[in-house]
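These notes concern the structure reproduced below.
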Amino acid sequence: MIRTHEAGSLRKEHAGEQVTLAGWVARRRDHGGVVFIDLRDASGSSQVVFREEDDAHGLRAEYCVKVVGEVRVRPEGNENPDLPTGEIEVVASRVEVLSEAAPLPFPVEGAAGVSEEARLRHRYLDIRRPQVAQALRIRSKATYLAHEVMHEHGFNYIETPTLTRSTPEGARDFLVPVRLQPGSWYALPQSPQLFKQLLMVAGMERYYQLARCFRDEDLRADRQPEFTQIDVEMSFVDQDDVIALGEALVGRVWKEIVGYELPSPLPRMTYAEAMARYGSDKPDLRFGQELVEMTEYFSGTSFRVFQAPYVGAVVMPGGGSQTRRELDAWQEWARSRGAKGLAYVLVGEDGTLGGPVAKNLSESESAGLAEKVGAAPGDAVFFAAGKPSEARDLLGAARLEIGRRCGLIDESQWSFLWVVDAPMFEEDGEGGWTAVHHPFTGPKPEWADNFQDHPAEALAYAYDMVCNGMEIGGGSIRIHRAEMQQRVFDVLGISKEEAESKFGFLLEAFKYGPPPHGGIAYGWDRICMLLAGGDSIRDVIAFPKTASGFDPLTGAPTPITGEQRKEAGVDAKPKSEA
RNA sequence: GGUCCUGUAGAGCAGUUUGGAGUGCUCGCCACCCUGUCAAGGUGGAGGUCGCGGGUUCAAGUCCCGUCAGGACCGCCA
């Protein structure tokens with residue numbers, strides 16, 4: 001090794017030792033006769049002292065240097081209690097510049113206020129910043145822990161193809177032309193869903209993988225075109241088995257990394273309850289402001305807007321003192337989400353109701369309203385009326401917005417739960433049905449025989465793990481009987497021919513004694529983001545892409561040359577339309 | 001595909017409402033001074049396609065139109 005010690009590891013007990021350090025010039029304080037350099041490596045940093053004769057004046061920020069010197073306790077009064085290495089310093093006897101650094105595009109040390117674009121373009125400098133490096137180290141540690149847990153539970157780590165064919169998640173595929181078969185294309189996997197089920201047919205019984213997944217959809221703070229899942233599948237299990245494993249996995253990671261003891265077992269909530277109380281299938285339980293169903297309350301109302309199949313309310317504490325402008329902004333907010341508006345009532349300090357809706361309410365409706373919704377004087381009450389799903393969506397979104405604006409969310413808390421019993425199907429808007437999860441998700445046992453007769457009510461044997469209002473994992477018990485699979489295809493309007501051409505290989509495999517099986521996939525980027533305290537999964541990805549799928553560092557994606565285009569067979573005419 | 005915010009020196013910003021000379025702040029950079037700092041300090045200096053294109057105007061960083069890039073959200077996506 002070029003060095004004998006790590007800069008961040010030096011303490012008083014090293015006093016008197018000759019050490020060789022190697023790292024980067026973090027900060028320099030040049031007093032002319034004496035020069036201080038903070039030497040940073042991956043472990044931290046130590047102060048190195050140079051005397052005039054050492055000629056350290058030429059050192060600049062982020063030069064890569066090697067320093068030989070003696071550790072000593074700092075002179076009386078010069079200790080820095082804010083630094084782990086603040087009691088000592090290294091008196092340099094020799095310095096060697098291993099490589100120089102050009103003037104920096106942004107400060108590596110100090111203020112965090114640098115645009116993300118600049119940080120990503122020089123990501124290698126960004127990662128030198130300890131906060132950024134720390135997030136990647138947390139991810140690394142979490143990954144080791146995950147492997148440990150899976151190993152302890154007897155899982156086999158099995159890799160599946162990256163160049164494959166479309167999987168049934170329903171997102172857009174990334175496509176790869178195939179030189180050897182012009183006109184045919186691979187798809188990058190949206191998940192290893194079909195392969196892991198094949199591995200169950202293959203008798204592997206316990207499979208897991210840190211799987212790279214690819215989806216060609218618009219990006220968000222928590223969505224990248226390529227992302228990582230911890231993908232799990234198990235044979236001969238029930239929902240409780242998959243859930244127990246999930247709690248072991250997530251529990252270990254949270255305990256070891258943030259010192260949080262996961263409640264065991266985690267609370268479970270049905271999808272129906274989550275929608276009714278929180279207007280979301282991934283409720284954030286760190287604050288209250290639950291939705292209040294008012295359909296019954298307004299069943300006899302003469303106010304047209306509330307003559308609807310569903311009326312619900314959510315309370316904004318202190319919202320009664322909002323200005324007209326602020327209240328109008330809520331209307332704009334609701335319209336931007338595709339709603340007609342957001343009806344509201346203001347509860348005055350004397351308990352009287354104000355706002356444009358109030359005068360449409362009968363005396364008795366007004367009288368009991370505040371108590372019914374749990375509003376106090378000075379609060380605002382927002383209402384949504386219409387189709388239950390749409391109105392609840394709006395109220396759920398309003399609830400989150402209220403939580404943010406009013407500072408109701410306790411950021412120090414962790415709120416974990418399972419959301420179970422999601423519907424199997426939802427209307428596709430064209431008179432048909434689509435799978436909420438994917439077409440291989442089984443029905444709950446009580447729906448096994450008749451889900452096809454009640455597609456709107458049938459419940460899936462599926463479960464999502466939710467943390468702080470974010471879905472961090474989701475899975476299901478799969479269908480393993482051809483007969484049941486056929487009934488699902490019938491509901492979805494997938495013909496035998498279509499099923500055969502899309503996943504014939506899976507159906508073929510299922511002819512040969514498939515075991516009952518189920519699994520789950522965890523969004524590893526999101527989990528690591530939560531552990532690292534980040535706001536975006538980009539914080540825990542070494543080289544992420546921008547919202548347009550651009551990598552500011554490499555410049556990818558790039559145009560291809562005519563030669564590449566020809567060779568790749570991009571423009572080949574397909575022999576027959578797929 | 002849509003809505004909103006942002007774009008001014010290497011970095012972070014102010015200036016845009018009400019048009020009047022690239023006007024300013026903090027940091028960094030360069031030179032010099034400085035023996036105990038740790039966000040060191042001091043003196044001096046360099047550094048600008050105000051994202052890009054067009055328009056209005058005697059005059060545009062500022063107003064209008066278009067466009068590009070980044071971010072947040074909706075649609076989309078588990």
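The backbone N, Cα and C atoms fix where each Cβ goes, and this holds for glycine too.
Please treat TrEMBL annotations as automatic predictions, because they have not gone through curation.
TrEMBL annotates A:Glu169, A:Arg215, A:His437 as L-aspartate-binding residues; of A:Arg123, A:Arg392, A:Arg478, A:Arg481, the candidate listed for that same site is A:Arg478. Per TrEMBL, the ATP site holds A:Arg215, A:Asp216, A:Glu217, A:Gln224, A:Gly523, A:Trp524, A:Asp525, A:Arg526; the candidate it also names there, chosen from A:Glu159, A:Glu273, A:Glu471, is A:Glu471.
Given the ranges A:5-8, A:81-84, A:193-196, A:353-356, the record in TrEMBL names A:193-196 as region 'Aspartate'. Among the recorded positions A:Gly77, A:Arg215, A:His437, the residue whose Cα lies closest in space to that of A:Glu471 (ATP binding site) is A:His437. Tertiary proximity for the region 'Disordered' (A:553-578) is limited to same-chain residues at least six positions away from its ends with a CB under 8 Å from its CB atoms, namely 120-123, 177-179, 181-184, 543. DSSP classifies A:Glu217 (ATP binding site) as coil under the three-state reduction. Cα-Cα distance from A:Glu217 (ATP binding site) to A:His437 (L-aspartate binding site): 17 Å (rounded to the nearest whole number). Every protein chain shown contributes to the tally, and the Cβ of A:Gly77 (site 'Important for tRNA non-discrimination') ends up with 5 other Cβ atoms within 10 Å.
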